[in-house]
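Structure first, commentary second.
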Amino acid sequence: MMGQNQTSISDFLLLGLPIQPEQQNLCYALFLAMYLTTLLGNLLIIVLIRLDSHLHTPMYLFLSNLSFSDLCFSSVTIPKLLQNMQNQDPSIPYADCLTQMYFFLLFGDLESFLLVAMAYDRYVAICFPLHYTAIMSPMLCLSLVALSWVLTTFHAMLHTLLMARLCFCADNVIPHFFCDMSALLKLACSDTRVNEWVIFIMGGLIVVIPFLLILGSYARIVSSILKVPSSKGICKAFSTCGSHLSVVSLFYGTIIGLYLCPSANSSTLKETVMAMMYTVVTPMLNPFIYSLRNRDMKGALERVIXKRKNPFLL
């Protein structure tokens, strides 16, 4: 990469998590279990949506892409964290660090856009049920997914190229468990004002606006539900919306707090814990919150298991 001609260091050292040596094995087992849960949960959703024709709908198109994004998002950081905890080798080459940052931004941004698309899909389904199929046409759904991929690719590449132009002189210790963009900027010995402005401006477009759109969609959904005189339906809707919004708030809240509204006296431990929330916890919770609890997914799982009795049906 072009940044290697402008830097005097060839690798970085990831300090990882502030864990006591006697707690190392326990934490390793915990994060491994969480990572495997994320992988299996999201893979199950992708496979079920692929195999069951009843799930070939706009909502599940977005869900399958979200599951793929969550799977990749966790895989960008957690395997390296587990490797460092096991081998006690915190080094990561310069090029690998920028590559990790690129894919971290790519799949993190992709999740942000997909969450907006899913909120819009639910808004149309609940507020305009008679026009749902006309509004959420296959062409619109595919266009939303394709646009999400294009925008996130551009955004991730922009930040990576801006990072590659910076000089890193002496300090190569990253007090984090992955190559976090803000942590790298603190190590740079050249002017980072352009990077910081791009983070602030693009962050508003990629994070804040989608978050507000999601909140607006759910507000309209709740308003529409309250007009229906059904206490059972209202309780179920509030339960669903509440669980969705809790995960969405966890994802966006930690990102906004870390990158757009950083505290001057924020500790490394606090930043690491916040990062764990949206890199490890959210991707693990999404399959259970959005998919595995609902009737359609349970029905699809039963149908797929039944088909296994006759492999020619698959």
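Note that Cβ sites are derived from N, Cα and C of the backbone, with glycine treated the same way.
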With Swiss-Prot as the source, do Pro18 and Ala300 lie on the same side of the membrane?
no
Which residue from Asn65, Asn265 is recorded in Swiss-Prot as N-linked glycosylation site?
Asn265
Long-range same-chain neighbours of Cys97 (disulfide bond), Cβ under 8 Å, sequence gap at least 6?
Asp11, Phe12, Ile174, Cys179, Leu184
Top partner of the transmembrane segment (140-158) among 26-49, 58-79, 101-120, 273-292 - counted as Cβ pairs under 8 Å:
101-120
Let me check one thing: do the transmembrane segment (58-79) and the transmembrane segment (237-260) come into contact, meaning three or more Cβ pairs under 8 Å with sequence separation of at least 6?
no
With Cβ-Cβ distances below 8 Å as the criterion, list the same-chain residues six or more beyond the ends of the transmembrane segment (26-49) that contact it, or say none.
17, 19, 55-56, 60-61, 63-64, 67-68, 70-71, 74-75, 78-79, 81-82, 85-86, 280-281, 283-284, 286-288, 291-292, 297, 300-301, 304
Sequence gap of 6 or more, C-beta under 8 Å: which same-chain residues meet both conditions with respect to Cys189 (disulfide bond)?
Cys167, Phe168, Cys169, Ala170
Beyond the flanks of the topological domain 'Cytoplasmic' (121-139) by 6 or more, those residues with Cβ under 8 Å of it:
58-59, 62, 217-218, 220-221, 224-225
Please report the three-state DSSP label of Cys189 (disulfide bond).
coil
